[in-house]
């Protein structure tokens, strides 16, 4: 027997729980910092951890549409914006770690790094796209952009690909591809589902 559709009230109860869950990694950093648990290199730990949680939140965001269709719960789409904004939040912290700790707030050094290191180039491109989606995630932006809003926000899949490539190139230099392969496989499944759904709709329209 299919589950009853989630109501607006139920989604309203889920949102605070999702918000708290989204902040847990951030809170954990403070707890680790207060208890000398940020490893021997806290800067590297926080940079890597913020990047990992950016990718996790991004994949959760991409999973909302398949999940709502597979479960018959269209109201789940109301959680997608929060997941996407958490991806941008952790992505901003990851970007800030690079700007502040790695490049010392030096614009010239940042531009050189973007131009010389491919994994930085694709990571920077992913962040710029994420910033554009975060800035246009409001109801006002949806009304203002109209049909162009949906086209713009499909760039989330490009962001996913760029993020995986960024992670892959970074880990490839250390011959450690286990995590990039895991996250890349999840992204491939989500993209495959999306393509299959598009193909079915196209066939039904003929």
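Using the three backbone atoms N, Cα and C, a Cβ is placed for every residue, glycine included.
Keep in mind that this is a model prediction, so the values were computed, not measured.
Sequence-distant contacts of the transmembrane segment (14-34) (same chain, six or more residues past either end, CB-CB distance under 8 Å): 6, 42, 46, 49, 53, 57, 78-79, 82-83, 86, 89-90, 93. Here Swiss-Prot flags 14-34 (among others) as transmembrane segment.
The transmembrane segment feature in Swiss-Prot is assigned to 45-65 (among others); the stated evidence is sequence analysis.
According to Swiss-Prot, the transmembrane segment annotation covers 82-102 (among others).
Positions annotated as transmembrane segment by Swiss-Prot, on the basis of sequence analysis: 118-138 (among others).
Marked as transmembrane segment by Swiss-Prot on the basis of sequence analysis: 149-169 (among others). Long-range contacts of the transmembrane segment (149-169) within the same chain: residues 51, 54-55, 58-59, 61-62, 84, 118-120, 122-123, 125-126, 129-130, 132-133, 136, 141-142, 177, 179-180, 183-184, 187, 190-191, 194, each at least 6 residues beyond the stretch ends and with a Cβ under 8 Å from a Cβ of the stretch.
Under the heading transmembrane segment, Swiss-Prot lists 179-199 (among others), citing sequence analysis as support. Sequence-remote contacts of a segment are chain residues at least 6 beyond its ends whose Cβ falls under 8 Å from one of its Cβ atoms, and for the transmembrane segment (179-199) they are 52, 55, 59, 62-63, 65-66, 69, 157, 160-161, 164, 167-168, 171-172.
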